[in-house]
């Protein structure tokens, strides 16, 4: 009986650890899975890393993660 309780306790500890990893990963999702500077972002415009935003040309194509210009940094 004691062995079964020990196994249950270990199993529950593992579940708690895995859930905390999943929650932490979701909270840090932008930092872990962001699109870097000068990379294509047309399919996910809100996924650029911090300090960057998705800029496209006049026709809405060739979208890339870029930093804000001088005027954009002041605003």
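Using N, Cα and C of the backbone, Cβ positions are placed for all residues, glycine too.
In Swiss-Prot this protein carries:
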type	residues	note
SIGNAL	1-27	signal peptide
DISULFID	34-49	disulfide bond
DISULFID	41-54	disulfide bond
DISULFID	48-65	disulfide bond
DISULFID	56-63	disulfide bond
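Overlay of Swiss-Prot feature records on the structure.
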residue: 34; record: disulfide bond; Cβ contacts under 8 Å, 6 or more apart: 47, 48, 49, 50, 52
residue: 41; record: disulfide bond; Cβ contacts under 8 Å, 6 or more apart: 35, 47, 48, 54, 63, 64, 65
residue: 56; record: disulfide bond; Cβ contacts under 8 Å, 6 or more apart: 42, 62, 63, 64
If you count, for each of the disulfide-bonded residues 48, 49, 63, 65, the other Cβ atoms lying within 10 Å of its Cβ, which residue has the minimum?
49
Using DSSP and collapsing to three states, where does residue 54 (disulfide bond) fall: helix, strand or coil?
strand
Validating a neighbour-count step here. Other CB atoms within 10 A of the CB of residue 54 (disulfide bond): how many?
19
